[in-house]
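Notes follow the structure.
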Amino acid sequence: MSTTFKFAVFIGLLITNTFQVSFSSVISTGDFNKDFSATWSPSHVYTTADGRTRSLKLDQESGSGFASNQMFLFGQIDMQIKLVPGHSAGTVVAFYLSSDQPKRDEIDFEFLGNVSGQPYILQTNVYADGNDDREERIYLWFDPTKNFHTYSVLWNLHQIVFMVDRIPIRLYRNHADKGVAYPRRQPMSIKASLWNGDSWATRGGKDKIDWSKGPFIASFRNHKIDACPWNGNPRFCRAESSTNWWNKERYSTLTSTQRRWFKWVRLHHMIYDYCQDNKRFQNNLPKECSLPKY
């Protein structure tokens, strides 16, 4: 059996066993003009006539960004993204959820550009009650500049799952009962941005943006927001119901197939895990590092 065929079979099993979505709770229109607003440099935000695809531009004048018109408390968010091609060193494409409070909660995908021919780094992070320092980094197993790929967050009462093309790459469990901060009270908006991070993003800031390679463009399409709209009452979003499918017990952990994929990513593609950085934390790792992920 060829490697390609095995991979196709595995993907089929994954899709069969992955988080199932109840279409009754999908609230996005699929139109960027209706679901999102430009929040940074509108002149650098481009949307197709049908509203289905949006691009962000970074040049020496400015970066750019957009955010959802609504805020949400729990759900699943999908976004297809095609990253900046070619020499992208110093650029950062961010797709994330943020509460915008002083002690904010945040769930981050950050794509760190690199010099031509080198792989993109995907950094994920979780802020809870204003505290971060929870970075993980992986190399993607494909070229994210050639085609669109789906990046997803499942956020519920039990766990946060980061996914790439439905493959779980990171878990952050709700261990609030053990004194670990977890995003569970603050509603968050959905955001995307493209910006100059050359002070740190590529080899710790050693590789700067080459503006002669610009302008730099990242594209987004086929967003899906299957989440609980914030109406000021957190009890509604925390309830287990047919609409709030993500809070059901079956989504409190990964399936056996998802666990195999998760372990595969950790074994073959992870390049940094804050839970293994004893030097950074002076041999006093954050509490969640010693607790189970699922």
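A Cβ is built for glycine as well, from the same backbone N, Cα and C atoms used for every other residue.
Listed in TrEMBL:
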- Glu106: active site, nucleophile (ACT_SITE)
- Glu110: active site, proton donor (ACT_SITE)
- 21-220: domain 'GH16' (DOMAIN)
- Asn114: N-linked glycosylation site (CARBOHYD)
- 1-24: signal peptide (SIGNAL)
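Rounded to a whole value, the Cα-Cα separation of Asn114 (N-linked glycosylation site) and the residue listed as 'active site, nucleophile' is 25 Å. The domain 'GH16' (21-220) scores a mean pLDDT of 95 in the predicted structure. Less than 8 angstroms from the CB of Glu106 (active site, nucleophile) sit Tyr96, Leu97, Ser98, Ser99, Asn125, Val126, Tyr127, Asp132, Pro183, Met188, each of them six or more residues away in the same chain. In sequence order, Val92, Val93, Ala94, Tyr96, Leu122, Gln123, Thr124, Asn125 make up the list of same-chain residues 6 or more apart from the residue listed as 'active site, proton donor' whose Cβ falls under 8 Å from its Cβ.
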